[in-house]
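For reference, the structure is listed below as structure tokens.
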Amino acid sequence: MPDFIRRFGQEGMDGQYYLSSSRQSIIVSLLSAGTFCGAIAQAFTSDRLGRRGSILFWSAIFTVGVAIQTGTTYSLVQLVIGRYIAGLGVGSLSAIVPLYNGETAPKAIRGTILVIYQVQIISGIFLSYVLELGSHTIKNSASWRLPIGLQMVWGIILLSGMFFLPESPRHLLGTGRSNEARKVVAELNGVPEDDPLVIEIVEELDFAIRAENEGGKATWLECFSTRNALWRRTINGMMLQFIQQLNGQNFYYYYGDTFFQSAGAGLSPYIIQTVLGAVSVFGTLPALYFIEAWGRRKSLLLGAAAQAVCALIVAVVGYTTLAPTGTPTSALTARNRAGGDVVIAFAVFQVFSFGTTWGPTPWVYLGESFPLRVRPKSIALGSATNWFWNFMLSFFSPRIVDRIGPMIMMVFFGMLVFGYIYVYFAIPETKGLTLEEVDELYRSGIPPWRSVGWQPSEKHHHEVHEKGTSDSVEKP
């Protein structure tokens, strides 16, 4: 936007202001740097403040960061500091919200609830593009202050809304507040506190938590221990987040406007980003069904295959047919235009496929893979991995595209092929399992490619009741 460039750009030899590639990289990537640090920091607050308290705290941090950005006049330093602080909130919340949802949602709909969380995120991104489409024609600073400042509305909604939601029952039991945990479990299941279902769930959770806490306070190294195959689970969570970031989706988000313009789209950057946002929203909606109908493994495998085909076509067709960046629309040949149509079509389909599969599924998997003892730390490592590679992508992509153009999609193609292989051999199916049953799944040693349809034993249920009986006998 002209006013933004005038305030935070550099004056060229011709007297016109511009944003250099280095400043663009810094402005875009500082948010991701903050999210990386925030994802790690939440591991310390989620245990001390609780899941609910942490969401309240980091929502406030995010809102402060947005306020700093909105109040900036001409200081690039203030702008990027505000983006970094807002990033702390984004990174923390991206880890805590799946953590909270995974601990409070009934297992039958846990995946659906986590996908709804992703739908809301994508819808928010789409709304921001719509706001920019409407405000970019304003001649003063309102053109960019409006879309940035309105983020505070969502921060305040989250901040105020959490006052009406309960604390995680697993966290309550882990901190010795069993009466509160029983009340929350009853509310979440819509039954009285003395209902047998509540008693069974609380006893099972309490037994699992006490077993986990026998070894003392969890450390970061324990996330990679051999007990209950924690190292495999942590590595799986980190790898899925790594692959998600390097499959091409965010490249289209960050630099899709330039890429589509070279494809002869003939659309403004604001319209292009709005189209991408709309495709992402509509792509994520089917995931509400497929995440449970297909399961986690099938969603990831089909998504990797579909996106790999799209990335390969975009790379080959783009490299062989597209005109150099900056070529006037009037100078495009019929071959350029035909190739551009193919590139745009498959790029849009790749964005849609991502929204249906790799967009929400790694977050769902991250939220349901770890026992209470190490959940905050393991989820922090997965989220931090996501944001670290998000930062790397946003910082280095402009430089790579300058050198190899559309062939950057071959990098993403290779990552998607690797992702398919990794999921097939390393990611077991966790659909419909409680956190305690996921423990049993990993202990069973069943190969991931045979894990679909695996059923947990009733062993842990018997252990819960036996433990409860033993405790009642031993009490004076």
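Backbone N, Cα and C define each Cβ position, glycine as well.
TrEMBL: automatically predicted annotations, no manual curation.
For reference, TrEMBL has these:
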- 1-431: domain 'Major facilitator superfamily (MFS) profile' (DOMAIN)
- 26-44: transmembrane segment (TRANSMEM)
- 56-77: transmembrane segment (TRANSMEM)
- 84-102: transmembrane segment (TRANSMEM)
- 108-131: transmembrane segment (TRANSMEM)
- 143-165: transmembrane segment (TRANSMEM)
- 270-291: transmembrane segment (TRANSMEM)
- 300-322: transmembrane segment (TRANSMEM)
- 342-366: transmembrane segment (TRANSMEM)
- 378-398: transmembrane segment (TRANSMEM)
- 404-425: transmembrane segment (TRANSMEM)
- 453-476: region 'Disordered' (REGION)
- 457-476: compositional bias 'Basic and acidic residues' (COMPBIAS)
**Message:** Is it the case that the transmembrane segment (26-44) and the transmembrane segment (84-102) touch, counting contact as three or more CB pairs under 8 Å in which the residues of each pair are 6 or more positions apart?
**Reply:** yes
**Prompt:** Can you name the far-off residues of the same chain, 6+ from the ends of the transmembrane segment (378-398), with a Cβ under 8 Å from a Cβ of it?
**Reply:** 21, 24-25, 28-29, 32-33, 35-36, 38-40, 42-43, 87, 91, 94-95, 98-99, 223, 230, 233-234, 237-238, 240-242, 244-246, 250-251, 254-255, 362, 366-367, 369-370, 408
**Item:** Closest-packing stretch to the transmembrane segment (56-77), where packing means Cβ pairs under 8 Å, from 143-165, 270-291, 300-322, 404-425
**Value:** 143-165
**Cβ-Cβ under 8 Å with the transmembrane segment (270-291): same-chain residues at least 6 beyond its ends** = 111-112, 114-116, 118-119, 122-123, 125-130, 132-133, 136, 252-253, 256-257, 260-261, 299, 348, 351-357, 359-361, 364
**Prompt:** Do the transmembrane segment (300-322) and the transmembrane segment (342-366) share at least 3 Cβ pairs closer than 8 Å, excluding pairs fewer than 6 residues apart in sequence?
**Reply:** yes
**Item:** Non-local residues, at least 6 beyond the ends, that sit with Cβ under 8 Å of the transmembrane segment (84-102)
**Value:** 30-43, 45-46, 51-52, 54-55, 58-66, 68-69, 110, 113-114, 117, 151, 155, 158, 168, 363-364, 366-368, 375-376, 379-380, 382-384, 386-387, 435
**Prompt:** Sequence-remote contacts (6 or more beyond its ends) of the transmembrane segment (342-366), Cβ cut-off under 8 Å?
**Reply:** 94, 98, 110-111, 114-115, 117-119, 122, 236-237, 240-241, 243-244, 247-249, 252, 256, 259-260, 263, 265, 275-276, 279-284, 286-287, 290-291, 296, 299-300, 302-304, 306-307, 310-311, 313-314, 317-318, 321-322, 379, 382-383, 386, 406, 419, 427, 430
